[in-house]
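Q: According to TrEMBL:
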- 277-311: domain 'EGF-like' (DOMAIN)
- 576-615: domain 'EGF-like' (DOMAIN)
- 871-908: domain 'EGF-like' (DOMAIN)
- 57-99: repeat 'LDL-receptor class B' (REPEAT)
- 100-142: repeat 'LDL-receptor class B' (REPEAT)
- 143-186: repeat 'LDL-receptor class B' (REPEAT)
- 187-214: repeat 'LDL-receptor class B' (REPEAT)
- 442-485: repeat 'LDL-receptor class B' (REPEAT)
- 486-528: repeat 'LDL-receptor class B' (REPEAT)
- 652-694: repeat 'LDL-receptor class B' (REPEAT)
- 695-737: repeat 'LDL-receptor class B' (REPEAT)
- 738-781: repeat 'LDL-receptor class B' (REPEAT)
- 782-823: repeat 'LDL-receptor class B' (REPEAT)
- 956-998: repeat 'LDL-receptor class B' (REPEAT)
- 999-1041: repeat 'LDL-receptor class B' (REPEAT)
Amino acid sequence: RLYQHRRRISLLVCPEPVLLFANRIDIRQVLPHRSEYTLLLNNLENAIALDFHHSEELVFWSDVTLDRIMRASLNGSNVEEVVSTGLESPGGLAIDWIHNKLYWTDSGTSRIEVANLDGTQRKVLLWQRMEKPRAIALHPMEGKIYWTDWGNMPCIEYANMDGTNRKIIADTHLFWPNGLTIDYASHRIYWVDAKHHVIERADLDGKNRKAVISLPHPFAITVFEDSLYWTDWHTKSINSANKFTGKNQEVIRNKLHFPMDIHTLHPQRQPAGGRNRCGSNNGGCSHLCLPSNKTYTCACPTGFVKWKMCLDKFLLFTRRTDIRRISFDNEDKLDDVIPLADIRNAVALDWDSSERYIYWTDVTTDSINRAKWDGSKQEVVVDTSLESPAGLAIDWLTHKLYWTDAGTDRIEVSNTDGSMRTVLIWENLDRPRDIVVDPIGGFMYWTDWGANPKIERAGMDASNRTVIISTNLTWPNGLAIDYSTERLYWADASIKTIEYGNFDGSGRQVLIGSQLPHPFGLTLHEDRIYWTDWQSKSIQSADKLTGLDRRTLAENLENLMDIHMFHHHRTKVQTPCSVNNGGCSHLCLLAPAPKASSCACPTGINLQADGKTCTHAMNSFLVFARRTDIRMISLDIPYFNTIAIGVDAVEGKVYWSDSTLKKISRANINGSEYEDIISAGLMTTDGLAVDSVGRKIYWTDTGTNRIEVANLNGSMRKVLVWQNLDSPRAIALFHEMGYMYWTDWGEHAKLERSSMDGSDRVVLINNNLGWPNGLAVDRAGSQLLWADAHTERIEASDLNGSNRRTLVSPVQHPYGLTLLGPHMYWTDWQSRSIHRADKDTGANTITVRSNLPGLMDIQAVDRASSLGFNKCGRRNGGCSHLCLPRHNVTSCACPTGILLKSDGRSCDNLPETFLLFSNRVSVRRISLDTNDHTDVYVPVPELHNVISLDYDSVERKLYYTDVSLDVIRRVNLDGSNMETVISQGLKTTDGLAVDWVARNMYWTDTGRNTIEVAHLDGTSRKVLVNNSLDEPRAIAVFPSKG
């Protein structure tokens, strides 16, 4: 009893050592003497380095695929990122358990860094004379850091933990010094060299070096009491041996996935007795307190200056997937990554010191973004109608954002938050690249490296545009303004020069003409010019006046893009826009003297005659569909495969059909309040028309060969035409006359008309038509216009099909057609453009917009013109459901499948006689009361695999089985009040029958080979038959016979 008691005490005092090791895809623990093996963390990408904090019960690891440092609780919970930016190959990490710091090596950036345990206050500690730092070990009791470097001059070094007093302790007979550990009790270091296949040891100062064991390919090492433990890549195992003699070698665990770093998880490996040099108040330091030999040092995170809480001056540059800065306020000039999320392909860059924002463009996400310079408050500023935004400039006086887009060939401007965006220049731009602004002079400058490379300038309001340089240019990339000498600098990546000239292009000089492999970004500050170079992968600088005194600031940086110097000394002057926004209602843009400023309006809104005020909203505009979006000058709503669109001129909502999603949807012009209004029973909705007066939507479907109508919210849907339709395409309405017109491009192409309730149907034209795509009604001119992609003509006739004439021929492949004022507009698949011509004569054809692939339908909206009288306006025309216009009258109608009652005005909510059927993912009904026999979806939610169904005509409920969910449910025929009546003990319910007299339901279960019964609410369930059944399927009941 006493022996057991003592043993329990000793176990409590000295827990068994656990080996913690990284295995690339997971982190595991193994007990060395029992070889018990447990998983701590799995589903990792590539875990290499590892350490723990015993008292805080944390494990830390680095992942060289994700380039992140992570941590978790020692029980495997609470996984979180600690360092996620600026890492390239973090191969070693170590925890200071006394001062609570994390140290790591990175052989990609050639640095040793330190941070708090949560990754904050990160500092580059050592970077000079570093090649490929690998393993790292800390001695916080002595204030020392040890590391190995397996670069061209392999060595083992140590320094104080604040980076001072660095010394080499071994640099001979080393090749791949991989692992490193400190034996605190015997004051020795042990290391492994994978090339020399050896474990060695030495005193802490490098003296008394001695080989201990030779082995195949050791990687990492740890020590505990009298044993060494190491991982080996060749044998894929963890091994141990006596640390003094190298004898008693044992394999603790083999057949591992890929053993990497290893540590002994035990309080003895992190003795608590060490003195915390920083004490309880962080040594009085504002930021980092780092232990040194016998004392401590206050240190600042990289980029911060001591005693200053902010950066005053730093070089900003983009690198496709990150944005970095080099501080000029301290000596080391190290680059550090600004912690930003989801940067895919950052190109252009600018900054605004007054709000401390940096701005950048991303040409993969096609967006303009901003964040504070410390990475906080990150947000997207513009993310619509951008294709390749490669240039960006801030007007810091009026807080405007200017950008170029080489995809849309535009220069645009907006407020710095992205609001009030407008297009400044869109003509004669080929491939605009960089842009800079001079708000003091009121000019903007941009490079264009299209077919005729040039540098242009214009007022910042797009006035006075001129080409200032057009010779000896090939790829004019970066632009920079020197405000003090009033010069423009530019880099040309093809001619490999950096040049400058006066603001008007005169006085051109080559500043640097040699050793410029591929200059890209360019910036000036004080008396220096700075640039990035793609090929030399470096940032360089030179004297801005002579080009001499060249220096390299940073090298080995892939994918360098734009560059800017952030500082607080941009010239501030009073501008005409400073007072009362220059009198402008919307945008006040700077301009060259004498005008000095001008007012502008967001895209699509017109400036009124006073030159100051913008109209409230767009009165007339074009809305057009591309397969992937809907645009209105620059409106974007991203969707899949938009084909047909309509606009409600009253509410300004856009309606569109999507043939991929098989839906009709609507949204406001600005993209808000998006909703699907029809999401079932559609196949290919090629034509769509909104009756703004009568508040209805009409559409054609070439898949179902139907023309249908519904309220604008999708309710009371009715099939109007279903017979003798082959491929109905375009549809157009004339509410005042009560007519609808449509084209059919089936085998016998034709143009037809009927009343808007589907009656009075007549073929207007059925000869010399091929693919009649677009269709429009000219109410003012009482004529019908259509576009035919096969005959390559746009034609017109009067409203009954006579007086047919050709307006435009040939047109390549017209699709959508619309009218606005005296003009007609059409989309063309082949020219990928929107064209315009006079609607009466077809003359004066112009291209409105080109380079628009995937063009489909187009609709013109004139919200200023009167809509006309709604025939159904008073009390819905006296109808209970649908009121539809006819020529000179109106008619009442019922939703599909329901007969109009004898009063000619009212409808029931359901047909009298109908079929119900399921097709696994939907339940539909076909009315037998009407002749069209159209299937109507019963809007039942959450259908996965409906097999059997029955209907209770007493309570008007549908009962059905879903064999994916293994349930029996019931629901009203309008989709409401769905409830599960049986949810357990079902396998494959293939048959279901309702006894409408006794209020029971019966079902077969093929999986359990039973027939069961229960009340309709699922209670009192009973198995009726469970023997002699093989696969019971269909079931029917005959209640009156029992």
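Every residue, even glycine, has its Cβ placed from backbone N, Cα and C.
Caution: TrEMBL annotation is automatic and unverified by curators.
Worth saying up front: this structure is predicted, and the values here are computed from it rather than measured.
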Q: According to DSSP, how is the repeat 'LDL-receptor class B' (143-186) divided among helix, strand and coil residues?
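A: Here the numbers are 0 helix, 23 strand, 21 coil.
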Q: Can you tell me which parts of the same chain pack against the domain 'EGF-like' (576-615), counting only residues 6+ beyond its ends and a CB-CB cutoff under 8 A?
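A: Same-chain contacts beyond the flanks: 395, 397-398, 400, 413, 415, 420-424, 439, 441-443, 459-461, 463-464, 621, 632-635.
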Q: Mean pLDDT for the domain 'EGF-like' (576-615), rounded to an integer?
A: 91
Q: Any chance the repeat 'LDL-receptor class B' (738-781) and the repeat 'LDL-receptor class B' (652-694) have 3 or more Cβ pairs under 8 A, given the pairs are 6 or more apart in sequence?
A: yes
Q: Checking distant contacts: for the repeat 'LDL-receptor class B' (486-528), what same-chain residues at least six beyond its ends satisfy Cβ-Cβ under 8 A?
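A: Distal contacts: 313, 315, 317-318, 349, 434, 436, 438, 441, 443, 445, 447, 455, 457, 468-469, 472-480, 534-536, 541-547, 550, 560-565, 567.
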Q: For the domain 'EGF-like' (576-615), what are the DSSP-based totals of helix, strand and coil residues?
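A: So the counts come to 4 helix, 10 strand, 26 coil.
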Q: Could you give me three numbers for the repeat 'LDL-receptor class B' (652-694), the DSSP helix, strand and coil residue counts?
A: 0 helix, 21 strand, 22 coil
Q: Could you pull out which residues elsewhere in the chain have a CB under 8 Å from any CB of the repeat 'LDL-receptor class B' (442-485), counting only those six or more residues past its ends?
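A: That would be 391, 393, 395, 400, 402, 404, 411, 413, 424-425, 429-436, 491-495, 500-501, 503-505, 508, 519-524, 529, 531-532, 544-545, 562-563, 571, 589-593, 595-598, 600.
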